[in-house]
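Heads up, the thing below is written out as structure tokens.
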Ligand SMILES: Cc1cc2nc3c(=O)[nH]c(=O)nc-3n(C[C@H](O)[C@H](O)[C@H](O)COP(=O)(O)OP(=O)(O)OC[C@H]3O[C@@H](n4cnc5c(N)ncnc54)[C@H](O)[C@@H]3O)c2cc1C
């Protein structure tokens, strides 16, 4: 029996592991990870399907393919009876700017979503402020508080094995036929990949059930309703290695969000959270053959470096990683 190890149990690792099981039903798939569910970066993300236009894989064509595949994957779950358990819902909302017309356009979403359109004059006046430009669209939200447990259950029910352990070197995994590396920010150390850089983010999770739409505005301001809470953000600290909550960031986020939607002043804070977006200039999905001084060799398929867009893009990059894995393990299947 073919044995595959997936390193990482964030959304990228769990998506890859379950897709591997579906694509290679006779393989035994094991997940090895140091941290799970609420301890991962995936857990705190708002999970909205809205890629930044600088999001990139190896080229634009592959990037568009990933995004399209991810949207189709989530949309299929949305249409199923499991959408609530899986933490996926559709959501409409606005991106508005007082100064920057191009910031409210998104060529990826305009190609994927059926209703990406400019805001009307009335809509631009909905929020206090001098809003000049805006777009309205309906997209998806993937709430990892539900989605990660849902994927874990699916993985285990399909015979998957989970091991809690830190991997210090890929050589430790040389008994597997193939390793999928979905270690997020951990890839910086595990692969010695210094292109992986933290982009620090801080958010509030609040109870404000009256907020039904999402809002993005200038200066990294966003308000995104999920299932159990509304995420208020944010900030982007490039190469900032601070894991602690910052009271100045908190005050700025609160002020910007409440001035955009004044009813938020009555919201109850559930928690505050800091996370590091695992940024890499180009998300890495590719295979590598590693040979160690001991003479051992290992086949690795990398799938990491999703930055601020790893929740929404995980199924797309994972479908690609699984295709590479299948070509390695069953080379004649493509003939
Ligand atoms: C404030 C904020 C808001 C965000 N909002 C959004 C959003 O709205 N939409 C969106 O799509 N994305 C968003 N993101 C980005 C998203 O959270 C990440 O891109 C995504 O979670 C990355 O997933 P991952 O599985 O690669 O990493 P992680 O969730 O960090 O998982 C990595 C896994 O690898 C394991 N691991 C690492 N190294 C090792 C090792 N050596 N040995 C064993 N295990 C190891 C870890 O323990 C963990 O299980 C946001 C991020 C932040 C910080």
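Cβ coordinates come from backbone N, Cα and C, glycine included.
All TrEMBL annotations are machine predictions without curation.
According to TrEMBL, the feature domain 'FAD dependent oxidoreductase' maps to 4-318. If you look up TrEMBL, you'll see 41, 42, 167 marked as FAD binding site. Taken from TrEMBL, the feature D-dopa binding site applies to 222, 277, 308.
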For the D-dopa site built from 222, 277, 308, further residues of that chain with CB within 8 A of the site's CB center: 45, 46, 52, 199, 201, 233, 234, 236, 307, 309
Nonlocal neighbours by CB distance (under 8 Å) for residue 308 (D-dopa binding site), same chain, sequence gap 6 or more: 52, 199, 201, 236, 277, 279
Candidates near ligand 1 among the binding-site residues 41, 42, 222, 308, judged by a Cβ under 6 angstroms: 41, 42, 308
Length of the line joining the Cα atoms of residue 41 (FAD binding site) and residue 222 (D-dopa binding site), in Å: 18
Structural state of residue 42 (FAD binding site), classified by DSSP into three states: helix
Assigned element (helix, strand, coil) containing residue 167 (FAD binding site), judged by DSSP: coil
Where residue 308 (D-dopa binding site) sits in the secondary structure, as DSSP reduces it to three classes: helix
Spatial separation of residue 222 (D-dopa binding site) from residue 167 (FAD binding site) - C-alpha basis, Å: 36
Which listed residue (41, 42, 167) has most other Cβ within 10 Å, given these are binding-site residues: 42
Residue 222 (D-dopa binding site) versus residue 42 (FAD binding site) - Cα distance in angstrom: 18
Under 8 Å by Cβ from residue 222 (D-dopa binding site), same chain, sequence gap 6 or more: 46, 214, 215, 216, 231, 232, 233, 234
D-dopa site span - longest C-alpha distance across 222, 277, 308, in Å: 16
Surrounding CB atoms that lie within 10 Å of the CB of residue 277 (D-dopa binding site), all protein chains: 22
Recorded FAD binding residues, 41, 42, 167 - maximal Cα separation rounded to whole Å: 19
